Amino acid sequence: KGTIHLFRKSQRSLVGKLTHEFRLVAADRRSWKILLFGAINLICIGFLLMWCSSTNSIALTAYTYLTIFDLFSLVTCLISYWVMMKKPSPVYSFGFERFEVLAVFASTVLAQLGALFILKESAERFLEQPEIHTGRLLVGTFVALFFNLFTMLSIRNKPFAYVSEAASTSWLQEHVADLSRSICGIIPGLSSIFLPRMNPFVLIDIAGALALCITYMLIEINNYFAVDTASAIAIALMTFGTMYPMSVYSGKVLLQTTPPHVIGQLDKLLREVSTLDGVLEVRNEHFWTLGFGTLAGSVHVRIRRDANEQMVLAHVTNRLYTLVSTLTVQIFKDDWIRPTLSSVPIANNILNLSDHHIIPMPSLKAADSLNPLASTPVKPSSPPPEFSFNTPGKNVSPLVLLNTQTRPYGLGFNHGSAPYSSVLNQGFGIPGMGATQGFRTGFINVPSRYGTNARGQPRP
């Protein structure tokens, strides 16, 4: 018999969690349009796959993969709505924006895998080219083109719209841009239409449909079936070339790299922060892209000991918040303690110490209980370390030195023979040396009068 927990929450399965999150997204009316387009997309994909099988056209199959990619983009748009509804949690302290980045990366990578599959099938068809039936080839082309364009232009897909503008241009966009410049040079009125950067998804849909139309005409006129394989390779290469820059950009976001276009602005802001009043140093700065259009960062700021921490924190945050929306700033004061040097001349009576001076020595118990290397308790029976010499003062009690003679230059040490013998009795003696050798700090040959030379004669 186990313990009965009355108020314990039941653990949901993965399917239950997904169902709960899907209901959360479906409660928003904006997602109904996306769900409707997703249902129509599934129907179109089913018809297109049947027509690909009846026509035996691999070019139409490659174009159908673009419709499947539209389904992935609709799922990404739903994830974007879900991210806007969710709030940061203790597990995901930065929020859920990286989920839509992961969705874009997965969609583009799957599209490239489909293009590679088409290339592999096309290479096999070059060895044995099958017969292509053109009965539904043109119908399938226009159905796929109409639905792809209608989906792209009707739904505002924020993640893919941002990636298509922020990522580098594909080779298809570059060639179309060169052609547009040539056309605009002849007809300047078309510059407002052709010169801006064209949408890569719309461009690949139009280019794929144009390739299928050329395939249909060549097969109908000359029964040239190999053109279908060539069109499939062209559509696959255009798909791969369009999706690859987006995969690279979203992959860099997932790797938490700093966007190249903001490095100059960040350096300028950090220079401004380093010149603020009270700031000594800005170090350990790290900035990365949290999501599409969201920059996060952390920085350590060293300030003066007399600076106001809250004031410096407010100024630093105000400067960096214009570019970094999620910022962590750690303020710590300068802990470098400078030695204080006295510029006042020292009086003569400061050097004269009292008659009895006690030199505190560490106790035997405290000295033996700590390890000189790790400051941890050690066993009493443990042998001393190899570098532990018989240092004077290690195992002795506090020593009392008596001043029998006060001298203006002395530091309170006796210079006679009696204190040396007492020192030897306390454990300061060194084997092989007599009592007349003296303590190292005792100056035996120093004259007893200040201002005399070694012979006892006054200095000129």
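Every residue, even glycine, has its Cβ placed from backbone N, Cα and C.
Record features (TrEMBL):
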TRANSMEM  32-51  transmembrane segment
DOMAIN    35-255  domain 'Cation efflux protein transmembrane'
TRANSMEM  63-84  transmembrane segment
TRANSMEM  96-117  transmembrane segment
TRANSMEM  137-155  transmembrane segment
TRANSMEM  201-219  transmembrane segment
TRANSMEM  225-244  transmembrane segment
Using a Cβ cut-off of under 8 Å, list the residues of the same chain at least 6 residues beyond the transmembrane segment (63-84) that approach it.
21, 24-25, 28, 30-31, 34-35, 37-38, 41-42, 44-45, 48-49, 52, 95-97, 99-100, 103-104, 106-107, 110-111, 114-115, 118, 140-141, 144, 147-148, 151-152, 155, 157-160, 201, 204-205, 208-209, 212, 235, 239, 291
Cβ contacts under 8 Å made by the transmembrane segment (96-117) with residues that lie 6+ beyond its boundaries:
62, 65-66, 68-69, 72-73, 75-76, 79-80, 82-83, 86, 88, 159-160, 163, 236-237, 239-240, 243-244, 246-247, 250-251, 253-254, 290-292, 294
Which residues of the chain, 6 or more past the ends of the transmembrane segment (201-219), have a CB below 8 A from one of its CBs?
57, 59-60, 62-63, 66, 73, 132, 134, 137-138, 141-142, 144-145, 148-149, 152-153, 160, 164, 172-173, 176, 225, 227-228, 231, 234-235, 238-239, 242
